[in-house]
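Visitor: Annotated active site, proton donor per TrEMBL: 117, in sequence order. Summarising the annotation, TrEMBL assigns FMN binding site to 87, 158, 191, 247, 248. TrEMBL lists 30-331 with the feature domain 'DUS-like FMN-binding'.
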Ligand SMILES: Cc1cc2nc3c(=O)[nH]c(=O)nc-3n(C[C@H](O)[C@H](O)[C@H](O)COP(=O)(O)O)c2cc1C
């Protein structure tokens, strides 16, 4: 899909707010299960993301996790990692409040509630997107979270545009949207696909526009199909949302935040990063992953991201194939030497809609 960005950019963008938190740029790192850990968030922020959201966590998990060992990274918030949102998913309104309090203690600045996850286990467990079918329970969850955390902590919601395309589903969407704002939420992220749709077909941006018009000055973040800097700016221009949450388009491509920012300011977007720039960021990312998970577990994690970084490489197909064969540190070193030792122009990544199997909210 190509996007036309008009030269008439939004005049004098002077930031937007999530509760008392002022954000100077509309480009946000989306919550991404399996990806938006501390390492990815640190890179996104360095490239210009104004706000980042951690991977979704189950309320029960948050209430029980020790915060150390293999799962410790979920609750990790570093000094430079602000403002950062934590996202909660669950079934029972009663367990959300204590979990939200624990996340605030861990240092998260915003508590986001997930009403979007379409995966079978979430729907079967009456969590995530399932709540779009029951506005009363959804609003009770939001109210409980709002009551549990201090006033200074904004509570937000992430929603898909409904369970499906029936008029009833649409009515329930707006009932939850209005009810959540009435219960005191400070912003809502809307992904313009239905739960039933999962990732088939486009995110309906016209719906985002309608939602933003409906809520007026309240904060709405848009989501869906943000794979290029042009798409990020086009969503802002076409829908009027206050910010955009970049998801699949930012995996293995933190440069998208910098490029979108340039475009938004009316500057040339620049070239895609050269292979030397890619290597340098891959190494930086690896070091952050080492810190997050410990060196023993980090090779598998950087490999997962490496497949995505490969989209920017002129020999992307071969890099991906080699990435699949990385089994140890020597293989990794060898891959960097083979593909990243010469400085070559990078490529604009193709749209990658394949990564949809985890909690694709
Ligand atoms: C692998 C994967 C994991 C995701 N995890 C989360 C999550 O934890 N919380 C959430 O709110 N959305 C999650 N999402 C949804 C994204 O934040 C985003 O709304 C969606 O991918 C649409 O944006 P895109 O088309 O630009 O990727 C996930 C999506 C993918 C593909």
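Yeah, the Cβs are placed from backbone N, Cα and C, and that goes for glycine too.
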Visitor: Given a separation of at least six residues and a C-beta threshold under 8 Å, show me what packs close to residue 87 (FMN binding site) in the same chain.
Guide: 31, 53, 54, 55, 56, 57, 111, 112, 113, 114, 158
Visitor: Please compare the binding-site residues 158, 191, 248 by how many other CB atoms fall within 10 Å of each one's CB, and tell me which has the fewest.
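Guide: Checked 158, 191, 248; of these binding-site residues, fewest Cβ neighbours within 10 Å: 248.
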Visitor: Of all the Cα pairs drawn from 87, 158, 191, 247, 248, the residues the record ties to FMN, which distance is largest, in Å?
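Guide: Output for FMN binders 87, 158, 191, 247, 248: max Cα distance 17 Å.
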Visitor: Note down the number of other Cβ atoms within 10 Å of the Cβ of the residue listed as 'active site, proton donor', including every protein chain shown.
Guide: 26
Visitor: So for residue 247 (FMN binding site), how many other CB atoms are inside 10 Å of its CB?
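Guide: Its Cβ shell of radius 10 Å holds 24 other Cβ atoms.
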